[in-house]
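J.: Here it is, the structure, as structure tokens.
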């Protein structure tokens, strides 16, 4: 394999320089070289060769206790730092990490985990089924790189998983003499700076990127090494003391498809407050938007946008003819009204946001979790506050922004792991130069999938879910029900409570005791309703009686924007050879069908489904999957457009002498 020796962090803030292309031909040439480099990386059958080496090294370590592991770690670290990471030295490191896991955690890595770790150490995405122990797998490349002297970031989707994984794995790292800490968004800046000094840092993607943007603000886009070294020699409170990160050396991205693809549709923006008395304008915009009629605009739910018609523009010109600025400025007037219409029609309470303690809090659509320090721009956040009758916060002004695509390409080495990467293999390779390797399961899956059930209305769907839960609860089967929004989870909870069924709710508003709730979700007869919070990284342990009753039964109540998210929820069941069942109970009123309302097939399909002839439910299930696939294609186009815009911006900045 390519040695890591060239990646040693000699610079004060090591990271990969951005690729800048003078023209499309140069960009095409770079893409071809990337493709060839991915093809040169080892396929799985060749990757298996390391297993023999690891087992041979492990036999030599079998008698070591924790003190012996610690002493051997110093020897391995010296070799790695002198010679770089080669296949032979990596095998020795893996065997040592495996022995540390056995002694400190009571867990020795399986062969499939060794394969996954080796793939990631080479800069690949390891596709491992849910329940195969990705958290333990990540310790192999993380510890090996850290022993080699590289700062390591283990990145996952939320603070709950960050803290959980770091705490569980810390005894293993400490046995090797490595420091490990985690970073969460609610930590004070001084705490985060200290945490980033550790050998291995667990953090969420959002917290990490925002801290990187804060570093860019401190550096003011000036990363001149000589100047930074001079500042360090002078001592005192220079820029280096204000930085959070130690550069971008090696990242292991858990749930890589979610972080690198699903969440990569919009740039991350760090902003500052801007004192402005905009309450009057905000109220006027909402009042004017409410007065507009349907013919003045078109709502496009699938694209999450509103467009003005010519009739709408004419209405605004006439309504605002005598109004002062900003209403007298056409582009600003339309911008305000489009924001107001978007707030009225596309931002719904308990879906996109919740209200807590008199404040609007954004709900992450991918994780289902509250993001208390985040806000929407372009006046949208203030309009939502006005709509909810709350005190208006100060508008925000952009200080720095970056896309996930551009950020992660700055790492000297990038790797990832997920249970659902096959569908986006091409995108991961094209955008991040990340090959995907499929890792086999440790035990055969025993999960059973029932055919989809489709009902005409939402009410009929909830009724069917209620009856299914009643039947499963009577048999002692634990049930996990997935919903797409807080509102849907609360509505279903009321339906089940009215039927005297015991229900536990886990969503952005009910997240105080998440760990204990999840720990009880695998008990006999339990019923948990959850948003995406229980969809990724969540291990629901089964009691012996629940396993005997048939294992966890997962019910999907809506198709998500991506089939991968559905598969993640299904993956909570049947883990590590446990029994389990999954099924989808859906309706023709589900939000996913918004994407096909205006398609050529919408009319004929609606007619066929309304007739409810023989086989209509199977046809409806196919129509729902088609709508989901259509949404996936639309989102992929949006991401491609964003990458293109990013590249154009990068190239234009290179000619103007700017850029990160």
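Using N, Cα and C of the backbone, Cβ positions are placed for all residues, glycine too.
So Swiss-Prot says this about it:
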type: BINDING; residues: 113, 131, 132, 133, 134, 135, 539; note: ATP binding site
J.: Starting from each candidate's C-beta and looking 10 angstroms out, tell me which of the binding-site residues 131, 133 has the most other C-beta atoms.
T.: 131
J.: Three-state secondary structure of residue 131 (ATP binding site) from DSSP?
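T.: For residue 131 (ATP binding site) - judged by DSSP and reduced to three states - the answer is coil.
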J.: Neighbour count, 10 Å Cβ-Cβ cut-off, for residue 113 (ATP binding site): what number do you get?
T.: 27
J.: Taking the center of the Cβ atoms of 113, 131, 132, 133, 134, 135, 539 at the recorded ATP site, which other residues in this chain have a Cβ no more than 8 Å from that point?
T.: 128, 130, 136, 137
